[in-house]
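**Student:** One structure, as structure tokens, below. Some questions next.
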Amino acid sequence: MDIQAVALLILTSTCVQADRICVGYLSTNSSEKVNTLLENDVPVTSSVDLVETSHTGTYCSLDGISPVHLGDCSFEGWIVGNPACASNMGIREWSYLIEDPSAPHGLCYPGELDNNGELRHLFSGIRSFSRTELIAPTSWGAVNDGVSSACQDRGASSFYRNLVWFVERGKQYPVIRGTYNNTTGRDVLVMWGIHHPVSTDEARKLYVNNDPYTLVSTSSWSRKYNLEIGIRPGYNGQKSWMKIYWYLMHPGESISFESNGGLLAPRYGYIIEEYGKGRIFQSRIRIAKCNTKCQTSVGGINTNKTFQNIERNALGDCPKYIKSGQLKLATGLRNVPAISNRGLFGAIAGFIEGGWPGLINGWYGFQHQNEQGVGMAADKESTQKAIDQITTKINNIIEKMNGNYDSIRGEFNQVEQRINMLADRIDDAVTDVWSYNAKLLVLLENDKTLDMHDANVRNLHDQVRRALKTNAIDEGNGCFELLHKCNDSCMETIRNGTYNHTEYEEESKLKRQEIEGIKLKSDDNVYKALSIYSCIASSIVMVGLILAFIMWTCNSGNCRFNICI
């Protein structure tokens with residue numbers, strides 16, 4: 001037993017004095033958690049939330065270009081030229097338009113703007129225009145300009161600024177004709193309209209002729225309008241009806257008008273100076289002195305995140321809209337806290353026993369123990385490769401989620417309810433697909449990231465094992481017990497891959513033989529002791545069995561002792 005104690009003491013002394021190097025990874029006090037396909041709430045050293053949830057709460061300039069608020073005017077009132085919207089007539093450029101959903105000044109005369117939703121959508125793609133006179137009112141002939149008390153201008157009857165309502169002059173209304181040739185080299189928006197009286201008496205009073213008509217023609221189409229007599233729900237003291245039409249003329253096109261009653265002739269139109277992505281936002285939030293690269297109807301979004309869940313109808317350089325409120329992408333390692341008491345007398349330990357809280361400037365690294373003390377150093381090369389891989393992952397997610405789908409829901413008003421419903425359903429379906437794809441993609445990437453970190457640590461471990469060859473004992477926990485003395489310079493060669501195992505091969509061979517010899521002697525003594533104990537135990541058992549047999553036979557009368565003197 002004394003030999004065993006001596007052997008154990010020698011072995012313990014050898015273990016304490018041996019130089020060691022361990023491979024490990026960073027651990028922190030981070031509370032970050034991510035989800036993967038197989039696990040939820042996996043602790044990680046760091047992560048990034050890919051979904052933006054905050055906004056400015058205001059309208060901002062978009063990339064330095066200010067928006068235009070239409071004030072008390074609706075889009076229809078502004079574009080047709082309601083006299084109450086005169087202050088907006090000078091608008092030329094905007095990043096986007098803002099319309100108060102309850103603006104009081106729309107079409108001042110009862111009626112409607114044909115294909116209103118399509119025109120709104122067109123203006124969502126216009127960034128600037130200029131207002132220009134198309135046909136002078138005096139060029140049409142012997143007719144008068146009509147006005148209405150429904151369209152007040154500073155207390156007097158007036159009419160739309162961009163149209164001319166022709167009525168009889170001297171109880172005559174001859175056939176009038178007018179033509180506009182688009183020689184601007186740009187697209188031009190032209191508007192005209194038809195007045196539909198409440199009765200034939202009103203029609204004769206205004207236009208004299210029986211069955212008035214209007215003919216509008218271009219080189220590619222022609223349309224004839226007749227008056228639709230009848231009383232309609234009205235407002236502003238009027239019950240007749242005006243329907244306003246529009247056409248976007250391309251360079252070189254001409255448009256001609258012929259009428260003998262009921263025509264609202266074009267006076268001013270709009271030359272489209274610049275197309276671009278825009279929106280007509282409808283909300284009551286205020287305009288602020290701020291700049292953003294992404295604008296929604298609830299506020300600006302300034303972020304570099306991949307996704308946002310603020311609003312689907314966004315304008316500018318915007319993150320993709322998804323329904324998820326949070327998508328966390330792992331950017332660090334699986335966070336395994338260090339074991340507080342580990343190793344012999346608190347010695348260093350490898351990655352199997354947890355992470356290292358003291359690792360600086362790296363995710364993976366080395367910890368060593370020798371006569372000069374204990375040291376720790378990060379492996380910057382493997383860390384940088386991992387960082388590059390994660391950066392690539394984020395960029396790939398952005399690229400994969402970039403699509404050409406744009407919502408058109410915000411461009412339609414209440415007239416096009418069925419279009420709105422269809423747009424909503426399409427938007428919901430597309431958003432569901434984007435949201436599912438985004439979540440699945442992040443879960444997959446989290447799995448890959450954590451697996452990548454595990455692989456990187458094991459690759460580093462294998463790299464050290466291949467370098468040390470037979471000069472060390474792999475302890476199986478991420479550490480190697482060196483069979484030779486290794487100062488700090490020697491440790492550095494192991495870390496940077498310049499270690500020369502042949503230089504220490506002879507010393508290591510002798511050390512290995514010494515350790516194996518001590519273990520063999522210790523094992524022999526143990527075997528001898530076990531043999532003695534086994535022999536004694538077997539003898540005692542045999543004696544006990546014999547005595548028990550004798551006592552049983554005596555009690556049953558089968559055995560008799562005769563004592564002779």
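Placement of Cβ uses the backbone N, Cα and C atoms for every residue, glycine included.
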**Student:** Which of these, C73, C108, shares a disulfide with C85 in Swiss-Prot?
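**Tutor:** Of the candidates C73, C108, the one Swiss-Prot pairs with C85 is C73.
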**Student:** So what sits near N496 (N-linked glycosylation site) in its own chain, CB-to-CB under 8 Å and at least six residues off in sequence?
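**Tutor:** Within the chain, N496 (N-linked glycosylation site) has no Cβ neighbours under 8 Å at 6 or more residues' separation.
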**Student:** With C318 (disulfide bond) as the reference Cα, tell me which of the recorded positions C60, N182, N487, N500 is the closest one.
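**Tutor:** Among C60, N182, N487, N500, C60.
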**Student:** Please report the Cα separation of N29 (N-linked glycosylation site) and C108 (disulfide bond) in Å, rounded to an integer.
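**Tutor:** Given the Cα positions, N29 (N-linked glycosylation site) is 67 Å from C108 (disulfide bond).
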